[in-house]
Amino acid sequence: MGGDINQKLLTETTKNEEEEVLFKERLWTEMKKLWIVAGPAIFTRFSTFGVTVISQAFVGHLGPTELAAFSLCFTVLLRFGNGVLLGMASALETLCGQAFGAKQYHMLGIYLQRSWIVLFATALCLLPIYIFTTPILIALGQDKIIATVAGYISYWFIGIVFSFIVSFTCQMFLQAQSKNMIIAYLAAFSIGIHICLSWLLTVKLKYGLSGALLSTILAYWIPNIGQLLFVTCGGCKDTWKGFSMLAFKDLMPVVKLSLSSGAMLW
């Protein structure tokens, strides 16, 4: 009798140990899957923020007025445009995820193009803020010298705002297909180039504020061009079938979803 009880206890202990091992294996497997997706995304966000930090560091060597104006434009104007466009681009994340899960692969490319149209129209609506930055800041009581420099910087930032259209949409398009590594590689290349160009244009060639801003714009556009080439030149054969007039049809559902996504993010 005692032997049977001991045998049962040993069997139960063995089963518990096996279940614990299986749980640890499943946990490790799921964590690896998670980090395959999340790791490149985290690095991309980090490097994008790093571009601005590097620019701000080089601008800071030019003078306190330039630094104050750049910081003002970045923390208010650029972050505002970033928030609006990122919020509206979040609709593409939902649409691409649903289409990919339903194996309607051709629709991912259509949704991507529709999102480009919606975000481009949104960016056009934001332009007056960047064009009339100086009078807006003066009306709000900002120092005239800082407002004037900020107005000059805001013209350059228009190029960055339009870069968000390609950046956010292509990233969500690729992430829906778990093609994150290309995004991380391009981000790493971009921040490396940015450091070199910022030093060359600002310190070596003495182009000052214009050199720092030019390097910043290039740092934002280099990964975008790389992502576009990857998407359109064979990197996404199943989901990108070329430009289509279908992108101009059924835009209202995308607009409504983009507006609601933007409102939720804000």
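Backbone N, Cα and C define each Cβ position, glycine as well.
Copied from TrEMBL, the annotated features are:
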| type | residues | note |
| --- | --- | --- |
| TRANSMEM | 34-55 | transmembrane segment |
| TRANSMEM | 67-95 | transmembrane segment |
| TRANSMEM | 116-139 | transmembrane segment |
| TRANSMEM | 145-170 | transmembrane segment |
| TRANSMEM | 182-201 | transmembrane segment |
| TRANSMEM | 207-231 | transmembrane segment |
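Within the same chain, residues 70, 74, 78, 167, 171, 175, 178, 180-181, 183-184, 187-188, 190-191, 194-195, 198, 212-213, 215-216, 219-220 sit at least 6 positions outside the transmembrane segment (34-55) and bring their C-beta atoms closer than 8 Å to a C-beta of that stretch. Remote same-chain residues near the transmembrane segment (145-170) are listed as 48, 65-66, 68-70, 72-73, 77-78, 81-82, 85-86, 89, 92, 112, 115-116, 119-120, 123, 126-127, 129-131, 133-134, 137-138, 209, 213-214, 216-217, 220-221, 223-224, 227-228, 231 (criterion: CB distance under 8 Å, separation of at least six residues from the stretch ends).
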